[in-house]
Amino acid sequence: MWDVIDLSRWQFALTALYHFLFVPLTLGLIFLLAIMETIYVVTGKTIYRDMTRFWGKLFGINFALGVATGLTMEFQFGTNWSFYSNYVGDIFGAPLAMEALMAFFLESTFVGLFFFGWQRLNKYQHLLVTWLVAFGSNLSALWILNANGWMQYPTGAHFDIDTLRMEMTSFSELVFNPVSQVKFVHTVMAGYVTGAMFIMAISAWYLLRGRERNVALRSFAIGSVFGTLAIIGTLQLGDSSAYEVAQVQPVKLAAMEGEWQTEPAPAPFHVVAWPEQDQERNAFALKIPALLGILATHSLDKPVPGLKNLMAETYPRLQRGRMAWLLMQEISQGNREPHVLQAFRGLEGDLGYGMLLSRYAPDMNHVTAAQYQAAMRGAIPQVAPVFWSFRIMVGCGSLLLLVMLIALVQTLRGKIDQHRWVLKMALWSLPLPWIAIEAGWFMTEFGRQPWAIQDILPTYSAHSALTTGQLAFSLIMIVGLYTLFLIAEVYLMQKYARLGPSAMQSEQPTQQQG
């Protein structure tokens, strides 16, 4: 039976998964629209303006529904995760506020000018508007991923003994968090791949049916060039992201790789394995020697810690965390004797582990060896979902690289419409970016468990005092509403894609010159 924590996690996870069906396409499409319109302004060829307007209509559908699905996410921090909001709100809220004030308003203002400014702006002004929408979309992703990156690697903050919550000490450390920076570029690049694949798939559909040949060939060419560069960048930055994870989240990396034991350097990479959580081992594993050590440490002599070793390392932190937790209870009840405060300051870095232990030890004054053992096992995520979601992401990314390279070669040869198998391959590859992105998001968030904020706040302690009935009702409502949004997206996209660019010829604007 699911409890409040499970239902809260499911609600946020499903909300984010639905929302992230729309976000990557927004990031990718708007950048491609800016490129198409730039070609129009530079060359004066109106076909590129027509392409911008046609793909822009599909972008508008996706943008509107993406905004709608994102609204409830920020509210859930207050409704479902109130302790989280109180405990780290001063830090976590800063990048979200910057996103709203700087990025979202910029994006929202200029997206209206993009759609309704064709007859009111000259082509140079409209091009500037399009690039500003693209800049705003990417800036929005930057601030949101700064917030998420801080959850993975909390820098520039400390526990304030007066307010009994986390406070920011350095805004620059939050902004330039190395995990955030790598996550931002990796995620945005994945969005570019999504936009490119979307345009290529629909263009391939037109070419297979002998429709909209001029627009489809040019769109496919732009998509294949842009998409190839983007998928190469995505895979390269994925390697950088994994390296950062190895440095700051070794438990997540070990779960991603099904690494139970610390093996001699350089560690092998498990291509496939069957992790068994209860036995703390893999039932079987197919390995590539040395590859994991090279990827995770960029060396041949550094070991990759295994989950058993990492669990053992949590024991002293749980002990110190227990003492910090007990001292915090004294301080919160008014005991601020200098020796108490001094003792707490020496232990506050492990307070999160005390919160984690409290889930397994109702009486923190008397913690048994079995309770410590349960907390140690609870300090790692379920390995199989993390292990397989990582491989789904990498597998889809590798297939996308192959598709993009084949499409690019045939495009450069000028024979793309002569090879129907390439067009069919592009069409049937349309779901791959979304599968990769959703699997990657799941791996990133689920692999951080049991932490809401890595090593600082367990998910167990972050929730609100709601009932299961309240959460079940709101979960059903959100899933139902978001499913309707998704159906609307698919219907409208299919409708206007089937109509094609030629259906818009009668409504072409006369753009101001100058």
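Just so it is clear, glycine is given a Cβ too, placed from its N, Cα and C backbone atoms.
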Kindly tell me whether the record in Swiss-Prot places Leu14 on the same side of the membrane as Tyr360.
no
Segment assigned the feature transmembrane segment in Swiss-Prot (from 130-149, 370-389):
130-149
Within the topological domain 'Cytoplasmic' (413-470), residues counted as helix, strand or coil by DSSP:
33 helix, 5 strand, 20 coil
Taking residues 6+ outside the transmembrane segment (220-239), which of them lie with a CB under 8 Å of any CB in it?
28, 31-32, 35-36, 39, 182, 185-186, 189-190, 192-193, 195-197, 199-200, 203-204, 207, 295, 394, 397-398, 400-401, 404-405, 407-408, 411, 416, 426
So if I measure Cβ to Cβ from His19 (heme 1 binding site) and keep only same-chain residues at least 6 apart in sequence, which ones fall under 8 Å?
Gly66, Thr69, Gly70, Met73
Have the transmembrane segment (23-42) and the transmembrane segment (471-490) got at least three CB pairs under 8 Å, pairs 6 or more apart in sequence?
no
So if I exclude everything within five residues of the ends of the topological domain 'Cytoplasmic' (208-219), which remaining residues of that chain have a CB under 8 angstroms from its CBs? That is, six or more out.
36, 47-48, 50-51, 54-55, 199-200, 202, 416-417, 420, 423-424, 427, 500-502
